[in-house]
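The next block holds one structure in the form of structure tokens; read it before the comments.
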Amino acid sequence: MAPAYASEVCPMALRGYLTVYVNLCWAIGQLISAGVQAGFSNTTGHWSYRIPFAIQWAWPVPLFIVLFFAPESPWYYVRIGDYENAEKSITRLSSSTTPGHAKQALAMMIHTNEIEKSIDQGTSYLDCFRGVDRRRTEIACMAFAAQPFCGSSMGGTPTFFFVQAGLPESISFRMSVGGLGIASVGTIISWWLLPLGRRTLYLWGLGLLTAVLMIVGFISVGAGDSQGGNYAQASMMLIWLGVYYMTVGPVCYAIISEVSSTRLRNKSVCVSRIAYYIAQIICNVVNPYMLNPTAGNWRGKTGFFWGGCSFVFFIWTFFRLPETKNKTFEELDLLFANNVATREFAKYKVDAYAEDDNVLTVQDTNQR
């Protein structure tokens, strides 16, 4: 629910940054986890595993306190027809002192809600797979499923991969901490890359991840069990972490929160997350088998498999993922309702209050 909530409580200009921040929380959490595990890697006894588990218990109480004081989404109030509380929520969230700002924002939300009602009346889970929303649900699900299939099962557990690649355990733990530090910095860098566009970052990210994974596979074939080859594979996976956390990892959260309609956003995000977990389960079953020396023993050659999967999602992204940058929820509703082609989303200027024939107009190329 975090990306859905984040997309609804901030203005459009900050929407991408706040939804991407969700991924930064994941990266920082993984970094803390890797640091703690590295610190206890040489410790024997029951505290070597109890303390890493116990550290997780420190977070629920402060998070509960923060969430208790968090404002409700004004979009939620609009969906249930409580316009008075919606306006109060907008006022609380906004720093604008312009008279009538809250009422203008509320009017836009109501208009967006009415547009979506006219397009599709339902708000059930089944409605995620009907009419215009079927395309939107497909995009959200596939964008999320791309994450585990582009190599995160291998790159997301770097310590295990480094050990299987032939590095000593002590070095593997330290490299994991460094790699997840790169991941955290990569997510922050992605904030500066967001102006390039969601589609652009996702497409190029998958392309680069495919190349990195293929290189890992070729190094494994060419260098065998040599020490230099092992370190080369580990270095490429550090590059993978940097690329992933600058592109596919964080941008996915912006995509799933923007591509769904406001009336079905909560359900659409839930469905897409289910798709992610199904993909993650498959990948987490397959990946250890391929890496494990007592099973598949593919070691670095596992990169060929995940590189191939990443390339499949690269092709899907090219043909199916539209650009949602700088589009309001209202504008995205109309673009999907008019069945605008995937690669033409950025070309159109949307006037939600114009007559039917003038709602969509092609932008001047020189102004884009």
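Glycine is treated like the rest: Cβ placed from N, Cα and C.
The domain 'Major facilitator superfamily (MFS) profile' annotation in TrEMBL covers 1-325. Mean per-residue pLDDT, taken over the domain 'Major facilitator superfamily (MFS) profile' (1-325), amounts to 89.
Here the transmembrane segment (12-33) has long-range neighbours at 2-3, 6, 52, 55, 156, 177, 180-181, 183-184, 186-188, 190-191, 194, 198, 245, 249-254, 257-258, 325-326, 328, meaning same-chain residues at least 6 beyond its ends whose C-beta is under 8 angstroms from one of its own. Summarising the annotation, TrEMBL assigns transmembrane segment to 12-33 (among others).
The transmembrane segment annotation in TrEMBL covers 53-70 (among others).
Sequence-distant contacts of the transmembrane segment (139-163), counting only residues of its own chain at least 6 positions beyond either end whose CB sits under 8 Å from a CB of the stretch, comprise 30, 34, 37, 169, 171-173, 175-176, 179-180, 202, 206, 209-210, 212-213, 234, 237-238, 240-241, 244, 248-249, 252, 255-256, 259-260, 268-269, 271-273, 275-276, 278-280, 282-284, 286-288, 291, 302-303, 306-307, 309-310, 312-313, 316-317, 320-322. Residues or ranges marked as transmembrane segment in TrEMBL: 139-163 (among others).
Sequence annotations record features per position, and here TrEMBL assigns transmembrane segment to 175-194 (among others).
Marked as transmembrane segment by TrEMBL: 201-219 (among others).
Counting only same-chain residues 6+ beyond the ends of the transmembrane segment (231-253), those with a CB under 8 A from a CB of the stretch are 2-3, 6, 19-20, 22-24, 26-27, 143-144, 146-147, 150-152, 154-155, 158, 161-162, 165, 167, 175, 178-180, 182-187, 189-190, 193-194, 198, 201-202, 204-206, 208-209, 212-213, 215-216, 219-220, 223, 300, 303. Residues or ranges marked as transmembrane segment in TrEMBL: 231-253 (among others).
What TrEMBL lists as transmembrane segment is 274-291 (among others).
According to TrEMBL, the feature transmembrane segment maps to 303-319 (among others). Within its own chain, the transmembrane segment (303-319) is flanked in space by residues 142, 145-146, 149-151, 153-154, 199, 202-203, 206-207, 209-217, 220, 233, 286-287, 290, 342, which lie at least six positions past its ends and keep a Cβ under 8 Å from the stretch.
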